[in-house]
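Structure below; questions to follow.
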Amino acid sequence: MWLAAAAPSLARRLLFLGPPPPPLLLLLLSRSSRRRRRLHSLGLAAMPEKRPFERLPADVSPINYSLCLKPDLLDFTFEGKLEASAQVRQATNQIVMNCADIDIITASYVPEGDEEIHATGFNYQNEDEKVTLSFPSTLQPGTGTLKIDFVGELNDKMKGFYRSKYTTPSGEVRYAAVTQFEATDARRAFPCWDEPAIKATFDISLVVPKDRVALSNMNVIDRKPYPDDENVVEVKFARTPVMSTYLVAFVVGEYDFVETRSKDGVCVRVYTPVGKAEQGKFALEVAAKTLPFYKDYFNVPYPLPKIDLIAIADFAAGAMENWGLVTYRETALLIDPKNSCSSSRQWVALVVGHELAHQWFGNLVTMEWWTHLWLNEGFASWIEYLCVDHCFPEYDIWTQFVSADYTRAQELDALDNSHPIEVSVGHPSEVDEIFDAISYSKGASVIRMLHDYIGDKDFKKGMNMYLTKFQQKNAATEDLWESLENASGKPIAAVMNTWTKQMGFPLIYVEAEQVEDDRLLRLSQKKFCASGPYVGEDCPQWMVPITISTSEDSSHAKMKILMDKPEMNIVLKDVKPDQWVKLNLGTVGFYRTQYSSAMLESLLPGIRDLSLPPVDRLGLQNDLFSLARAGIISTVEVLKVMEAFVNEPNYTVWSDLSCNLGILSTLLSHTDFYEEIQEFVKDVFSPIGERLGWDPRPGEGHLDALLRGLVLGKLGKAGHKATLEEARRRFKDHVEGKQILSADLRSPVYLTVLKHGDGTTLDIMLKLHKQADMQEEKNRIERVLGATLSPELIQKVLTFALSEEVRPQDTVSVIGGVAGGSKHGRKAAWKFIKDNWEELYNRYQGGFLISRLIKLSVEGFAVDKMAGEVKAFFESHPAPSAERTIQQCCENILLNAAWLKRDAESIHQYLLQRKASPPTA
């Protein structure tokens, strides 16, 4: 599953779409043990006790589900008939299954060759989402058929079997019936053994109106009139392979499609809203290239005869990898050749790559339990980049990975309230919590590090061994380590356990000494903490694959070592005194580096003259920024380094720089010198803005388009006069239909005119939103609405967020945009959430969108007392699936406050000094 909000492209790559997200991780240093005591006094440092939970008993298990469902698209109900072939392993007089929001009408069990036994009681355990079927006589070991008739609701909560609202080309509002079962919501569509390790085959039939499209995991094998109603047909699908319940899917609605065959002969279709088939072509092309790529990489064929990719109107996640029927948000699948921007193309390519990787890694071989979710998601989040790099080498996607996933994971993982990659999960309410940047982005980052440590050849060999051994079965993290260890001969389990079983990551401190013609390096590792130097007793240790490069050859490692102790000395042979030495070539190792001042001094010219590779320039800047947030170095030192990026040509380096300046701007919005940091932003971004201009030049590509949008958005938001004037002129022409804005310029222009506009500007923007036929354009507008500054208009935007005009899943980004837009916006958004909590919580039913909403809304605060206020509110308004997020947000607020107290004055003095004597480029 791809989480739209966890989608790295949203938080960072599309940063120019609106006010920068509130800081994910704002950090503090000294007095760190005192701050930890304060966290404890606020009750923020320890997660609450977990609820008691038991997995399903193993005495009865399914072999095959024969399932027939008849949805009513007008009354929003469905009828179901289940006949499950089951194996009774030990004598019992009851069957325990998962069941939620379903009413069972009748249930019986027919032992093979014996008489039917009717259940005499259905005991629903609503809290645990289980039902116990009681039988009057004992069910003996052997096989039989469990028959259940039941009814349920097509809910509006975007989980289980639910309804999705859409508008027909003629303007009529209708509903489709669609599914989202991961993690634990198949039980809302039919009673089942809803655990990933309890696999079975499925024979699915859907009884639907004859003018609707009906889809499921497999191909249609029969379509016949329904006896009772001539307007209804029964559609039967082929039997699935052995699979987990959370991967089952069905869709009933109105769709067009485009299709092709992959070179391996698999039928690939992309289903779109009616009249928009052309918008499915880009995803179709990506999918048709991706399937053979994965088949070759894993050396295992795709096991189903077809794969459908379908755009769903109301969809909480970004996409879901249901085997053979992958569901997507419209914005994650549809590309309009004229009206889609470059970042949307890239996002679609990544999401398609992610979900199709799951067809092998997750669907063919499935995690044994949710504890190993990271293996599914971390792996798919890594290999999607490998796949996109293969399909679109011009995207420079691996550099983008560092900004989008690697640094994002490090921000979260430096907190006291982070968690290990592998988390023990029990009750279903705990599963949603681990769909976060640790499972996805840290998971992907450590797999990238592992791939680099093993080498591609042995990695592929180990992956094939793993998939072949466990196909149609379940596996745990240790099983993958064993396969990779056998393939590579390296101590994979020993190394990787230090990264998956304990939270956090190391800070490597390095200093150097010239000894004749050699360079002696002294390395030491300690846990990196957002609150400053680690002060605990027993410091965790990691086995760290470290690469070292020098200015003699900046793109190849001079030495590779495995640092398996707290301190190490290394001798680099034949390094001249004037050569620099750098750790972590390519920013692949999941650690931060702190150089001695002499080593850092020698590296900085490599930023200005571009002799350091782009990903290393990015990594160096990002490490320094994080060290400043943690109070280990001064923020002023980082501002000086940022000025060295004046000649920077690389989009991703600018993107990361922009993100960090956005974090700093949010922090300084709490001071009276916010305008001074905007002047700094304008000084840093003006030269690249002038070089790029507004219009594409011949020969420019994907990354130039992304960079132009980023830079113009940054300058416009900061109030750069020439940018603001040109944005207003182009916006006027766009609205009047004289000259339509190119898709890549819309976000920066919309943001700029709104930020510096009035009520008329907002009204025009809301009108554009209403007129937009494409969800991408609606989302683009929704994300920037929060840039408006007047309190009255901010209130208008917040009210709009909960209106019928905004799809339920997109309300979060509108409110989040307000919170990230200004100091007043942050306060107004928080008040709005408190005032409308019941409606918001009910809408998202404790799913991950509620965590996202909380995070976006409160994390930008920088006053100690706000941490207490946030904590108090959620104590009286519990949100179980967001408990960890709330703890992290409160911790971040305290960290922000400490950063401000520590560095605000020195930052102010530096900015004033710059003003008095501007630096020369």
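Glycine too: its Cβ is placed from the backbone N, Cα and C atoms.
Annotations in TrEMBL come from automatic prediction, not curation.
According to TrEMBL:
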- GLU355: active site, proton acceptor (ACT_SITE)
- HIS354, HIS358, GLU377: Zn(2+) binding site (BINDING)
- 62-247: domain 'Aminopeptidase N-like N-terminal' (DOMAIN)
- 282-499: domain 'Peptidase M1 membrane alanine aminopeptidase' (DOMAIN)
- 580-893: domain 'ERAP1-like C-terminal' (DOMAIN)
- TYR440: site 'Transition state stabilizer' (SITE)
List the Cα distance (Å, whole number) between TYR440 (site 'Transition state stabilizer') and GLU355 (active site, proton acceptor).
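Roughly 13 Å, rounded to the nearest whole number.
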Looking only at C-alpha atoms, tell me how far GLU377 (Zn(2+) binding site) is from GLU355 (active site, proton acceptor), rounded to the nearest Å.
10
Around the C-beta of GLU377 (Zn(2+) binding site), how many further C-beta atoms are within 10 angstroms, looking at every protein chain?
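A count of 28.
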Once the chains shown are all counted, how many other Cβ atoms turn up within 10 Å of the Cβ of the residue listed as 'active site, proton acceptor'?
29
Using a Cβ-Cβ cut-off under 8 angstroms and a sequence gap of six or more, which residues of the chain neighbour HIS358 (Zn(2+) binding site)?
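GLU321, ASN376, ALA380 - these are the non-local Cβ neighbours of HIS358 (Zn(2+) binding site), listed in sequence order.
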Would you count the other CB atoms within 10 A of the CB of HIS354 (Zn(2+) binding site), including those on all shown protein chains?
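I count 30 other Cβ atoms within 10 Å of it.
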Mean pLDDT over the domain 'ERAP1-like C-terminal' (580-893): what is the value?
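Result for the domain 'ERAP1-like C-terminal' (580-893): average pLDDT 95.
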Looking only at Cβ atoms, how many others are within 10 Å of the one on TYR440 (site 'Transition state stabilizer')?
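There are 29 such Cβ atoms around TYR440 (site 'Transition state stabilizer').
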